[in-house]
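Heads up: the structure comes next, in structure tokens.
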Amino acid sequence: MLTIFAISDSIAETAHQVTLAVAAQFKEKIKIRRVPYIKTIDDVDCIFPEIAKIERKIIISTIITVDVREYLTKKCYEKNIYIMNVLGPLIDSISSMLNTNPEYKPGAMRQIDEIYYKRIEAMEFAMQYDDSKDYGGLKNADVVLIGLSRTSKTPLSMYLANKGVKAINIPLMPEIGVPDEIYTIDKKKIFGLKIDAFQLIEIRKKRLDKFHRISSSIEYAGDERILEELEYSDRIMKRLGCKTIDITQRAIEDTALIILESIGYNKNTNIY
């Protein structure tokens, strides 16, 4: 039986997945052994006696660090063991095309996976706590958005979620008030979305026209009603002492950028 050693200087997930994909092309039974965290030349020396015991073997390596990768390759050549460096040649080719040196970061793929799953978690969070569905997420939120109806709270929450930021949004309505819990969280997390009265009237009227709502919803887009709501939202935001952002004629991306900078968000990957 053939044994394939999936060796890496991280958790060996990439090497393991590549090996599984290749092994699936054959009917014969193939044993796969994952060998993670081979970070030094000494680590290579430690695993070699065990590898040498196996009669039929191949090594699949995703080791990033050059000296460790080259040492492993040299040992394999000396022992007449077939080795495939999965990432090395590709890194070298891309480095040549870009005319720049790679960072050689072990576990970089795992970091990208973590960023991806953080985004998914943030999106689920945003949907769960959208528009006052549940205030239980306040203490776990990275950002709390407050504002009147039609101030882009939901799309802004989803945009932030795509950056891995957990955002909860709370609508401001004079008849309902805000949850008491909001006064217990760090005000630096809270962002009040303000808007010009004339633009809000226009947005709400278009909303009503879209759904052909007239009689029971006239107040929703009425001048007096909107001015009352704006005064109420101003009072709440002042009481909370939170940062306010005027979203009038402002793109969601611009509003999000202000928030991300305020909470110290760092873009930590160059993968898009």
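Each Cβ is built from the backbone N, Cα and C atoms, and glycine gets one as well.
A coil conformation is recorded for R150 (ADP binding site) in the three-state DSSP classification, outside any helix or strand. Swiss-Prot lists G147, L148, S149, R150, T151, S152, K153, T154 with the feature ADP binding site.
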Report task. Using a 10 angstroms cut-off on Cβ to Cβ distances, just flag whichever of S152, T154 is the loneliest among these binding-site residues. Result -> T154
Query raised in the report: Once the chains shown are all counted, how many other Cβ atoms turn up within 10 Å of the Cβ of T151 (ADP binding site)?
Result: 25
Report task. Identify all same-chain residues not among G147, L148, S149, R150, T151, S152, K153, T154 whose C-beta atom falls within 8 angstroms of the centroid of the ADP site's C-beta atoms; report them in sequence order. Result -> N169, P171, L193, I195
Query raised in the report: Which of these binding-site residues has the least crowded Cβ, counting other Cβ atoms within 10 Å: R150, K153?
Result: R150
